[in-house]
Amino acid sequence: MLKIGITGGIGSGKTTVCRVFEILGIPVFNADVIAKSIMVTDAFLISSIKREFGEEAYLPNNELNRSYLANKVFNNQEELKKLNSLVHPVTIKAFIDWSLQQKSAYVIKEAAILFESGSYRDCDFVIVVTSPEEIRIKRVKNREGVSEENVRSRMSKQMPEKEKTELADFIIINDDKTAIIPQVLKLNEYFNSISRTTPSISE
Ligand code: ATP
């Protein structure tokens with residue numbers, strides 16, 4: 001079964017594009033959502049995080065102490081790297097276990113930091129969703145009611161879009177002018193056609 005990665009910068013439209021694939025019956029694994037869930041359910045990961053960041057990383061009811069951890073990793077690349085190095089292997093394993101249960105011709109892994117985490121290496125192809133910076137800022141401001149400064153600050157911590165598109169196998173343009181459905185249909189047709197003849201990277 002082919003594994004397709006989907007990534008892109010904040011507000012580019014990754015989740016929106018994935019919804020279209022889901023409507024076509026393609027299972028989508030949202031790595032960011034799953035990682036958040038694993039951080040409060042995987043006993044080994046919880047104890048590793050507590051060991052590295054202190055017992056305060058979790059609240060008494062075992063919820064993640066998000067503000068405490070955010071303070072630790074915000075503007076501290078080393079601490080962020082440390083946290084990611086604990087969470088990523090568990091998320092990668094969850095993706096592999098999940099994909100083994102799927103019956104479709106291909107599956108999708110949606111991840112904001114697919115390249116940065118190295119998990120693009122487990123994908124047969126990577127799609128990068130792109131959108132001009134001004135549009136992405138407008139979308140995130142509307143979605144979250146935050147300031148332009150807030151969005152720009154988060155953007156500045158991400159891999160630049162140009163670097164992502166250079167690493168992409170396919171690009172989906174989501175610029176409010178180009179329709180995304182025909183782009184998704186074309187890729188769906190391609191992945192369905194090659195899945196019959198191409199073994200996955202992990203097979
Ligand atoms: P993030 O990484 O920040 O979670 P994302 O790349 O997954 O973002 P989406 O959540 O899909 O992006 O899109 C960001 C916002 O823009 C959402 O509110 C979504 O509804 C809206 N949006 C995305 N694409 C379009 C589009 N083509 N037309 C209208 N609204 C869109």
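In case you wondered, yes, glycine gets a Cβ from its N, Cα and C as well.
Database features (TrEMBL):
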type: BINDING; residues: Gly11, Ser12, Gly13, Lys14, Thr15, Thr16; note: ATP binding site
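Taking the features listed in TrEMBL, we show where each one sits on the structure.
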residue: Gly11; record: ATP binding site; Cβ within 10 Å: 25
residue: Ser12; record: ATP binding site; Cβ within 10 Å: 29
residue: Gly13; record: ATP binding site; Cβ within 10 Å: 24
residue: Lys14; record: ATP binding site; Cβ within 10 Å: 26
residue: Thr15; record: ATP binding site; Cβ within 10 Å: 17
residue: Thr16; record: ATP binding site; Cβ within 10 Å: 14
Around the ATP site formed by Gly11, Ser12, Gly13, Lys14, Thr15, Thr16, list the extra residues of the same chain whose Cβ is within 8 Å of the site's Cβ centroid.
Gly8, Val17, Val129, Ser131, Arg139, Asn174
